[in-house]
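As recorded in Swiss-Prot:
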TRANSMEM  18-38  transmembrane segment
TRANSMEM  68-88  transmembrane segment
TRANSMEM  105-125  transmembrane segment
TRANSMEM  133-153  transmembrane segment
TRANSMEM  163-183  transmembrane segment
TRANSMEM  186-206  transmembrane segment
TRANSMEM  211-231  transmembrane segment
TRANSMEM  232-252  transmembrane segment
TRANSMEM  267-287  transmembrane segment
TRANSMEM  305-325  transmembrane segment
TRANSMEM  338-358  transmembrane segment
TRANSMEM  372-392  transmembrane segment
């Protein structure tokens, strides 16, 4: 995930961030590939047994025993979303999205890059019973994978494009969080939700009292995660909400460096990048291709997702940039050709982590649909990555 920085003033720190993202992205690629290999090997049953092994206490009667898979998706991914929330708050306060001028270029591509894939998904899956709930699966971009692929290209993409990609992905994350909270929430436990509101009030009070010690906020976020789990709202949302309530001092100097938010972000980033996200990839990417035929690949669900990622993302993001620049709303990224911008738009079609996560939420208790969704996600993401890398490798370096 993103390290604290001010990208316009400290480009060298952005390069350091991209190097970290690239390493995490490569590790994610490795664990996802490993999961696919194991799922198609004699160890497939052992892999499934491990994921569904009950571990630890029963947290809620509704969920029952917590399996390894559930701890990763509901527990560790809450920490992932906590880091996402920390990044969003920092970027909005004094980062890439601190001013309206900085928000103009990535905002429209990010929004169109979510809307167009969803519309393509709905158009392709139209009339198919039980598939409408998966409309958000191709709407997300995997920042670790995308930045990792971009970093592997070295100097074939200017820094301005890397800033644009990360900025679009941050707004994309904000949209994904909102989608999960609004559209993938089950029946609500009002008592637990009231408890969550009470914890939020306590965290707000800590802010007003200028509490700078980190541990009260960590306890509060952990409690918020548990009551959110009980409430019926997906528990990962607690990570984002908790992050937004952790204090952050804008500007520069010792006060900023001492901010609880910055301390926590620095502490979480390596764990999320090198443990949590790769673990999620390993736990969720494994799908068997043993009996896979062309009819399975071109079935409505995987086809809708693959086309949403491959076509929808590139069309939405590129059209958003083109519209923002031609209308005078924003300036074209410095030193980038339109072909390079198109390549980055194509790169946004890598929707791995968040798409897999939303797929699990869209089809709960439907393993066949989840596996079909995984096929579409893998196919769309892989094609997007390969085509984008070819475009960016051979695109002219000078601006058009």
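Quick reminder: no glycine exception, Cβ is built from N, Cα and C everywhere.
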Interface-richest range of 105-125, 163-183, 232-252 toward the transmembrane segment (133-153), CB pairs under 8 Å: 163-183
Per Cβ pairs under 8 Å, the stretch of 68-88, 105-125, 163-183, 186-206, 232-252 packing most closely against the transmembrane segment (305-325): 105-125
Beyond the flanks of the transmembrane segment (105-125) by 6 or more, those residues with Cβ under 8 Å of it: 96-97, 131-132, 134-141, 164, 167-172, 175, 300-301, 303-305, 307-309, 311-313, 315-321, 323-325, 329-331, 333, 345, 348
Recorded stretch, among 163-183, 186-206, 232-252, 372-392, maximising Cβ pairs under 8 Å relative to the transmembrane segment (68-88): 232-252
